[in-house]
Amino acid sequence: MASLRVVVLFVAATVMFVAFVPPPAVAQLRTDYYASVCPNLENIVRNSVRQSMAQSQISAPAALRLFFHDCAVMGCDASIMITNSNGDDEWRNSDNQSLKREGFTTILSAKAAVDSDPQCRNKVSCADILALAARESVLQSGGPYYPVELGRYDGRASTRASVVLPRVNFNLDQLNAFFSGLGFNQTEMVALLGAHTLGAADCPFFQYRIGSDPTMDQGLASQLRGTCGSNPTNGFAFLDPSPVTFDNAFYRNLQGGRGLLGSDQVLYSDTRSRGAVDNYASNQGAFFADFVAAITKLGRVGVKTAANGEIRRDCRFPN
Ligand code: HEM
């Protein structure tokens, strides 16, 4: 009788334990996640991104930006790639309308390349391909190599209303508030925004500063007046003087008052973050190390698991 009671108690305790073990709050990402199912994954994505970059200089900056716009909204789940037939998706939010087509095609080409290997077909998530393509964009533009953590599942949902992104006229407190919501402290945020060493911005994002923002260098102001005066909607300028090279020139540019976006220039004009800008401006190694840590952290935001995600067959549509 006593031993039966022990067995019953043991079974009850086991059931309770299994029933109350909480699901992992954070998916277990690993750099070797696809080692057995798709051993050549990194090479496939590397070669595909190389081809996209050879076709267009916009590919790398656009793919890197796409990764941020994906991770910052609903987590790194490739929800930014979804095109819903009812017209309600993240991509169609006005804040995402400046994402360049080349970023999307870089990811779709990489996905097609991955799926052309029979071993890999429909085994690798679009979210992971985005993370790998972002790394390749950095690396193949002269930036640091870093191992990419993998094992994200793709989200099933994408809505216009879910998109909340930082704005170009944010001050430092507003920037800190947004990025602390993603888990970043101020120095990590300054490092992450070094992504603006690549690419360009359209006039509507900086034109309002010309002549009214005293932190803007006068030479830059007159140059931009020329750029946007004749072509206010389609004119653009580069975010730093070496827009296809991933380097620390972005920070030196800020020291000279030559940052294009208000949200970038404020990192220098506000003395609370100026020290980090000065550090990265004088020490590219420090920038690279901190950028790698920051973008790796970005890649962990809101990661989905098999329980709430899927491996999308076509990155544009939930299965
Ligand atoms: C305060 C936060 C941020 C703001 C306000 C912001 C805003 C912008 C704007 C307005 C553009 C120009 C878009 C265009 O006209 O085509 C841009 C470009 C870009 N952003 Fe950001 N961004 C922020 C953070 C980030 C982060 C965290 C990353 C990546 C880690 C990133 C990566 C890029 C890249 C690579 C480009 C160039 C894209 C291209 O040339 O097509 N941005 N950003």
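All positions are counted from 1 along the displayed chain.
Note: Cβ is positioned from N, Cα and C throughout, glycine not excepted.
Looking up Cys38 in TrEMBL gives a disulphide bond to a cysteine among Cys71, Cys76, Cys120, identified as Cys120.
Binding of Ca(2+) 1 is attributed by TrEMBL to Asp70, Val73, Gly75, Asp77, Ser79, and within the candidate set Glu90, Glu102 the record adds Glu90 to that site. Listed in TrEMBL as the disulfide partner of Cys203, from the options Cys126, Cys228, is Cys228. On its own chain, Glu90 (Ca(2+) 1 binding site) has His69, Val73, Met74, Ser79, Ile80, Ile82, Asn96, Ser158, Thr159, Arg160, Ser162, Val163 as residues at least 6 apart in sequence with a Cβ closer than 8 Å to its own Cβ. Of the chain residues outside the Ca(2+) 2 site list Thr197, Asp240, Asp247, Gly194, His196, Leu198, Leu239, Pro241, Ser242, Pro243, Thr245, Phe246, Asn248, Ala249, Phe250, Asn253 have their Cβ within 8 Å of the site's Cβ mean position.
Candidate recorded positions: Cys38, Arg65, Cys126. Those with a Cβ under 6 Å from ligand 1, in sequence order, are Arg65.
Sequence-ordered, the extra residues of this chain that approach the Ca(2+) 1 site, with Cβ no more than 8 Å from the Cβ center of Asp70, Val73, Gly75, Asp77, Ser79, Glu90, are His69, Cys71, Ala72, Met74, Cys76, Ala78, Ile80, Gly155, Ser158, Ser162, Gly302.
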